[in-house]
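Summarising the annotation, TrEMBL assigns active site, nucleophile to Asp126. Look at TrEMBL and you will find Asp128 tagged as active site, proton donor. Marked as Mg(2+) binding site by TrEMBL: Asp126, Asp413. Summarising the annotation, TrEMBL assigns GMP binding site to Asp128.
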Amino acid sequence: MAPMPLPLSSLLKYTECFQRARGVCNVFRDLPHGSSWLRPWRRNFSRAISRGVGQPWSQHQPRAPNCAASVCSNYSSGEGVTERLWSVYNETKRQTQGISTHEVDPDTIFANNEMSLRDIEIYGFDYDYTLAFYSSHLHTLIFNIARDLLISNHRYPEGLRKYEYIPDFAVRGLHYDVQKALLMKIDAFHYIQLGTVYRGLHPVPDEEVIAMYEGCHVPLEIMSDFYGKSSHDHTMKQFMDIFSLPEMTLLLCVNDYFMKHNIDYEPVHLYKDVKETIRDVHVKGIMYRAVEADIDKYICYGEQSHAVLKKLSAHGKKMFLITNSPFDFVDRGMSYIVGKDWRDLFDVVIVQADKPGFFNDRRKPFRRVTDKGALLWDRIHRLEKGQIYKQGNLYEFLRLTGWRGSKVLYFGDHIYSDLADLTLKHGWRTGAIIPELRKEIKIMNTPEFVHMMSWLQALTGLIEQMQVHWDPASQAVVEEWIKERDAMRSQTKDIFNAQFGSLFRAYHNPTYFSRRLSRFADIYMASISCLLNYDLRHIFFPRRTPLQHESPYWLEYNPSGCSASSPAPKDQSRV
């Protein structure tokens, strides 16, 4: 057997022995600071290590320190390197089996930035996927209408009618390379997550992706513009809207058809045609009329938006609505969700606002709309309660209302169109509505996921610690561990979505979506109904997660076992 680079005799020293033991167990220390289920283990192990060899172990101490001592003993007993490494592996894996965790409440509001509801006097809302939530039938409707428009208006092949909408195939936040016709997930550092690149309905091999992009990094100059759009200089389009799920699926289906039938096509033309048909579904009112005709099928009533509005109104808060949807569509939906008197709850209602242009274009004046949808021509000198206004711009809105700065909190689902300009240019507080949170949190709460992630983190730490041994036997073992880690990373991706994984993670890194969410949203939640769980004097505190060079030497005071931003008991905070 080839000698190890570090002499085995050094492992006989007690101090170095325990340094290695500490290194093995540091994998648990490096888990997220919010992992409350590891705190007793970390604390007890730290105490044990600090005592040194020869000090008596308490019978209540966890077994990990004894494991560490036995590992050191094995190194000095002449066992083979392979057996020693697998001994560390097996004992570390055993330690992760008993890990349990406190569940995260899906109705929690999560904070990126400290914010007190006591300071909020005015609450603003988007409409679609903020006050009104839609069933999966709506995405099927959008897909089918757009597909048929491609065939009838753009002369695409009739064979496309065989394609149906595939629920849960795509996730929000993905990037689409317009010129290469590739849909992919990119992390916060502009790296493509291999295994998530699709051409049509099939994944592209990793080697091909690496060859096309000369690695996995996507240069800044070809990324999407500030609002996620593709332009002349930017070949990437980022899909941030929940309404974009049918658009992504349609792009993949048409690409799939062309490839299966060996049809030579221009990807840029395909992207523009699909984009135009999706826009027509909205702009021409096709989707709006369909939803209004069968509102029970398309609108989900259970998100308690009415209760939220009533709570805010009872506390004397001012409220406004700014949406890109037309008045008839909003009126029909809000009457269904809240009641015919829904307008009495709002101080200002603005429809067809043309966000994000609404936040930047100073030229468009407000225009009043009658109850029957007719446009009036009179100049607007004030924004009156009970009236409906169209277009306009935020600068005029601020002048007429005086609602400025951090006393305003605006909620929306589109991180770019709804939130980015408000927080960067105008100092409003922002809340992102992320419906996908509920599904992902429920997955993360399962014992299977907790055990898989704890072992994945522990195995990563083992690889990091043991890679210093360069003899062939040690390297063979570490290579096996690396293969197991790669397989587990793919499994954790597939748990959320078989094609693209979690909305928030690209393996261990945050996704590009997560990066923008943390930058533009002070708080985020699964639905507006989460506000019902909080007193309107509540202060949201972001967790102080340790930086890479910091040690997590603080403990969160968390007697209930809930997350740091968890709501108060519901019977204490409801109105």
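The backbone N, Cα and C atoms fix where each Cβ goes, and this holds for glycine too.
Remember, TrEMBL labels are computer predictions, not curated facts.
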The residue listed as 'active site, nucleophile': tally of other CB atoms within 10 A of its CB: 25
Integer Å distance between the CA atoms belonging to Asp413 (Mg(2+) binding site) and the residue listed as 'active site, nucleophile': 8
Asp128 (active site, proton donor) to Asp413 (Mg(2+) binding site) - Cα separation in whole Å: 8
Set of same-chain residues at least 6 away whose C-beta sits under 8 angstroms from Asp413 (Mg(2+) binding site): Asp126, Asp128, Tyr129, Thr130, Asp241, Ile242, Ala432, Ile433, Ile434, Pro435
Asp128 (active site, proton donor), number of other Cβ atoms within 10 Å: 22
